[in-house]
């Protein structure tokens with residue numbers, strides 16, 4: 001079994017993305033967990049403690065987050081929900097999926 005974490009950084013304001021909605025979906029699209037980022041931009045305890053090998057998807061409610069902070073976005077927003085589809089091999093260990101995001105760009109990688 002494998003563990004999962006995420007960390008969201010707001011690159012527009014240079015700070016953790018506090019209060020961003022995050023949803024984890026399984027390969028079949030069924031939501032497995034949902035919550036919001038904390039003061040550090042993380043979601044401790046949100047994800048199941050052990051996940052099987054397979055395909056997963058994280059959805060980040062980017063436009064809602066920036067609107068809540070008073071950022072004027074176009075209609076429709078360039079980035080509404082950022083979806084990161086990824087796979088976990090099941091070889092054990094830990095998968096960390098950071099998201100660095102602004103209203104017009106994002107970046108991710110497999111962290112540690």
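Glycine is no exception: its Cβ is also placed from the backbone N, Cα and C atoms.
Caution: TrEMBL annotation is automatic and unverified by curators.
Taken from TrEMBL, the feature domain 'Transthyretin/hydroxyisourate hydrolase' applies to 4-111.
What TrEMBL records for 7, 42, 109 is substrate binding site. Sequence-distant contacts of residue 7 (substrate binding site), defined as residues of its own chain at least six apart whose C-beta falls under 8 angstroms from its C-beta, comprise 16, 40, 41, 42, 96, 98, 99, 111.
Around the Cβ of residue 42 (substrate binding site), 18 further Cβ atoms fall within 10 Å across all displayed protein chains. The secondary structure of residue 109 (substrate binding site), as reduced to three states from DSSP, is coil rather than helix or strand.
Long-range neighbours of residue 109 (substrate binding site) (same chain, six or more residues apart, CB within less than 8 Å of its CB): 98. Under DSSP, residue 7 (substrate binding site) is assigned to a strand (E or B) in the three-state scheme.
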